[in-house]
Amino acid sequence: MTSPIPTRQPLQLPQGQRLLLHSCCAPCSGELMEAFVESGIDYTIFFYNPNIHPLKEYELRKQENIRFAEKNGVPFIDADYDTDAWFARAKGMENEPERGIRCTMCFDMRFERTALYAHEHGFPVITSSLGISRWKNMEQINDCGHRAAAPYPGLVYWDYNWRKNGGSQRMIEISKREHFYQQEYCGCVYSLRDTNQHRRTQGRERIKLGVLYYGDTPESANTNSTSGVIPTETTETTETTETTETTETTETTETTETTD
């Protein structure tokens, strides 16, 4: 018998009156968004995720996030895709494991842009939906967030544990209710490559983009989604860089939770 999901606890910003939320995807940010509304927190979404490839997957995740933001009347900042800069910073880390130095670089890059925007537009607090996923290393994410905010006087990175008090469970429930697109790998081509390789060893098909949505199958109960049906396509993706055979790291992407 499934135990009931704990009730949300009221949230309070660590300082100031406005929050800039870096969002990696709709499934991961859905719980945070509803929690902020419930607590009366004034927030804006900042979507900067140059790691997500191929472009089709990027657009799927972004449009799903925009859809939910518009539904809730939340301002949405669509930042530059900036893929060339991401690949340049990832050079030499193509074969690093999930949760390793390539992921640290990726979090750093996204948080640096988030912190800069917050500084330039008067947001005293930043946070991210990345940490709600149980497949991510929360300490690694928070270290990157604090490091990005440090150069700007008066800017704070809010390292709240979004998984606690039923946050992770509500994330799944919201994703099923909203029929979000269910992403099956973290986001980058190297993660896609590794995930497909892992699937091959299990006799499973390669990941298909734009096919799976929360609530479609029993598997959906433990994974991530988006919306906006786009023709399916097996992701062999050949995006920039020689080693982009694409797939994503083993278990860390296989079950979906917030993989960006």
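Heads up, the Cβ atoms here are built off N, Cα and C, so glycines get one too.
Feature annotation from TrEMBL assigns [4Fe-4S] cluster binding site to CYS24, CYS25, CYS103, CYS106. The compositional bias 'Polar residues' annotation in TrEMBL covers 219-229. As annotated by TrEMBL, compositional bias 'Low complexity' applies to 232-260. The disulfide bond feature in TrEMBL is assigned to CYS186-CYS188. The region 'Disordered' annotation in TrEMBL covers 217-260.
Features recorded in TrEMBL, as mapped to the structure shown.
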residue	record	DSSP (3 states)
CYS24	[4Fe-4S] cluster binding site	coil
CYS103	[4Fe-4S] cluster binding site	helix
CYS186	disulfide bond	coil
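For the recorded positions listed here (CYS24, CYS25, CYS106, CYS186, CYS188), the lowest count of other CB atoms within 10 A around the CB belongs to CYS106. Between the CA atoms of CYS188 (disulfide bond) and CYS106 ([4Fe-4S] cluster binding site) there is a gap of 9 Å, rounded to the nearest whole number.
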